[in-house]
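Beneath this line is the structure, given in structure tokens, with notes to follow.
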Amino acid sequence: MFHPIEEALEALKKGEVIIVVDDEDRENEGDFVALAEHATPEVVNFMATHGRGLICTPLSEDIAGRLDLHPMVDHNTDSHETAFTVSIDHRLTKTGISAQERSFTIQALLNEESVSDDFQRPGHIFPLIAKKGGVLKRAGHTEAAVDLAKACGSQGAGVICEIMNEDGTMARVPELAEIAERHQLKMITIKDLIEYRYNITTLVNREVDITLPTDFGTFRVYGYTNEVDGKEHLAFVMGDVPFNSEPVLVRVHSECLTGDVFASHRCDCGPQLHAALAQIAEEGRGVLLYLRQEGRGIGLINKLKAYRLQEQGYDTVEANEALGFLPDLRNYGIGAQILRDLGVQHMKLLTNNPRKIAGLEGYGLSISERVPLQMEASEHNKQYLQTKMKKLGHLLHF
């Protein structure tokens, strides 16, 4: 049903329209997407006729800044923070609404000689400003269009249009698949685009490395920063870097302040952290990644709010969902990049979570063995662990 990102890029370079599908837990919709440079009157008319949604022009911050395209509102209350600017028409257009005139306005946005005064406001083209960092910062169609344009070697600008059914309802994946087949279009997901970007773009910088004696032995600690969100991550390493081709014992541990530092009994994070360090030290060779993904990615304060809901009878999954989050928001692309930087090619992964295995293998790393890391349950965390086993698929035994 979905095509590889590489095939979609080739189609875009040829001037074709593709379909980009959002995550089912976000807007769960599909947009027609084309490169702005290929937004001919025929492409605009195709989107208007078969998409029926609003035709918008996602732009990089640089292009929007050069043309003084300011936000439509001072206080954006849209649930997805879609960054509309004031709508525009080129001053040489008449009504600005025809496919020919909308195409003309879009092409003028790409002209490096265009200036702000070349456009009148409001108009019939709706520019959108993509966030710096693209889909790795915000998983929206705006960012997807700009990321795809840049991946094609084009300017950071695209054209998008939401796809609606003939009855006016939003087209979902089954209908989108029919539309793609009918018009012979490539169809991709933003999720796959995120994975593609993690694989082709180096987003971590090794900032420092030091020797750290611990209760478990002496480790070499490497500090990394993420270019997209500025978060800082650590790698505790025992053994020589870069590693050779032999499988390395690896633990990917997400930050848990309450468990790691304050010995909370609500989870098993602290004991898992210590057990992993001990096992790596015993083996004499390995890596523990400490990723800043507190609360399975929802952050410390939201994790505490989830705890409060658990006190009212929710389990850990239900609490996340009640707060508007997925059960697990963690992404392992940054971790995979750190492991690659350390020369890890093959690993034995310390985990009870099969999704973590799939997450790392999705970024081209080889996992030869899963090494269980089950801690003894307590009266305080037994239900939590049972929920992870039943609802999140963790491989635990009681």
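Quick reminder: no glycine exception, Cβ is built from N, Cα and C everywhere.
What Swiss-Prot records for Asp328 is active site, proton acceptor. Mapped onto three states, the DSSP output places Asp328 (active site, proton acceptor) in coil.
The annotation Mg(2+) 1 binding site is assigned in Swiss-Prot to Glu27 on the grounds of sequence analysis.
On its own chain, Glu255 (GTP binding site) has Tyr290, Leu291, Arg292, Gln293, Glu294 as residues at least 6 apart in sequence with a Cβ closer than 8 Å to its own Cβ. Positions annotated as GTP binding site by Swiss-Prot: Arg251, Val252, His253, Ser254, Glu255, Gln272, Glu294, Gly295, Arg296, Thr316, Thr351, Lys356.
Per Swiss-Prot, the feature region 'DHBP synthase' maps to 1-199.
Per Swiss-Prot, region 'GTP cyclohydrolase II' is recorded for 200-398. Predicted-model confidence for the region 'GTP cyclohydrolase II' (200-398) is 91, expressed as mean pLDDT.
Sequence-distant neighbours of Thr351 (GTP binding site) (same chain, 6+ residues apart, CB-CB distance under 8 A): Arg251, Val252, Ile357, Arg370, Val371, Leu373.
When other Cβ atoms within 10 Å of the Cβ of His253 (GTP binding site) are tallied across all protein chains shown, the result is 22. Distance from the CA of Asp328 (active site, proton acceptor) to the CA of His253 (GTP binding site) is 14 Å. Cα of Asp328 (active site, proton acceptor) to Cα of Arg296 (GTP binding site): a span of 5 Å.
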